[in-house]
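Comments concern the structure below.
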């Protein structure tokens, strides 16, 4: 063997060096992201101006000038309006929200019984959090608890009348309780029902197909407001005198059926996106219709339409406010109802209440939206 | 066996018919243990939830008064908040026993809609409010031709407005909303020039305006709005209970019987007071109504007399500070006149 006479042999890797000064740090980030071109610079400046114009007055209104506690409207009104604030004062009336907080959450649910909705909420969180975290095992048991056992427990806890719990009629429910109860039932009912309608609409059996098409098109063709209004104003006239039909149940049925019809169309979009080869592949394996759907088609189709499904959920969550038409008071309804309390009537009261309601709605909708994006990334196995 | 089956079916059918055809509201109410009372979904001073979520207001207190007359307990009442459109259906269908929802007494409602109005708990009238800064120089509703008028849908207010402008050959643009809070917001943000509703409402609305001093109520009152509780037709006993609850509230004020002094007033030498409070020997006033003889005592213990209800909810003791005006007793120049209890 002949020895090579090499002057330099590198025995180890070069230590990675930091990027040049101009390419790191805040300055570089700003340059690359905000001021990369003339157009970017102009847009950045316009954006900053808008923020500078809107944000300080809002912070001043919502935090600096805001009134956090107080017994009645006088803390939220200027002297000219019959209050104690100097003329020209403008600030949020969080005292109103604080005084009405219990009502915003539970409506007129009896105060000494409010531990019941709170307990339901704790149970719900205790079940939904492990359900939502992919790492936690025993998903099957969890799903049974959340979708089968929990509704029954929640029903008896909230309605009462058994096990020594006093009965609380649904007209006393309100606020976030109604919003969440309607949304939960709507979501739990509409997804499976929507899948069934979507499958039915693509079925080759004419009766099933026609029935599904008629249901979907009828429900989608009528505004929810109209149906709720009919259910509340017309339905009692057809029923014999004295027979009443719980308004909350009417709203639950209306909202669930509506969400199911929209859901069916979303799911149908997913079914149509699955290549024919997948259906044929399943057939060639000798799978029956339900095995084919459950094992092959639906897992792919539903994954594709997660954005659409969550979109429907968020839309429905906000649509629950329409129940004010039938004098049920969801979060927004209760907030607005309390504007008429003369003890708190002031120019700042309505806007403060609405900002609070908007914040609550936003927290829930944003949460659903972020979680759906997480699930999309996680389930995006085919294209990774 | 067959006979038993027929008997059971027959009994069931009879039971069903009885529950359907029952026109006796008092028995129904006593059987279920509370009065179902329809109130506004939210109107300052008349029906609005307080901080604890309990209903407060003049209409609400009237419901409590009827409950006190029937059960001796003003809390045996459940409230159904109703929108303007729902209210009559709710009463006709039997969903509620009593409608106490700032409802104007009109001939159409009394006849065609099959209601019976038991009295007038609040004499109201429709007025106009304008922003004097935006419309300088306007001091009469007759100058409002071409104005945009904010009004609530489905109310007599809307009809009166149309009548008034038509009668005076003026044009207007109605800006119609479903809820009072929406009308307020639209008016305060300047979407319309004129706000029209019952005068009692205008007082509540001024509390929520940015600069109440800029707004003036024009002198014209364009309608009579006698607001009162209503019941279904065809049940005179129930109608009489509601009507005489109202008169008892008025007579108590006239005779100086208040929530505080009702117990000592029972020993009053004044025969009128004694008669009203059931203190006469062998009195049958209460039992003739289908109630107990201390019905009036129960009412006043629960909610006070009419003056106290008025003061607490809409009058000087409330943020609204509405003066008694037409709602003063007849002895003080108003229209509230309680028929004699004897």
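Cβ from N, Cα, C; glycine included.
As annotated in TrEMBL, transmembrane segment covers the listed stretch A:293-314 rather than the other ranges in A:271-292, A:293-314.
Your range for transmembrane segment, going by TrEMBL and the list A:82-102, A:145-165, is A:145-165. Between the listed ranges A:177-200, A:321-344, TrEMBL ties the annotation transmembrane segment to A:177-200.
The transmembrane segment annotation in TrEMBL falls on one of the ranges A:34-55, A:56-77, namely A:34-55. It is A:221-239, from the ranges A:221-239, A:240-258, that TrEMBL records as transmembrane segment.
Beyond its flanks by at least six residues, the transmembrane segment (A:115-133) meets 105-106, 109, 139, 142-143, 145-146, 150, 153-154, 157-158, 160, 165, 168, 177, 180, 184, 371 of its own chain at Cβ-Cβ distances under 8 Å.
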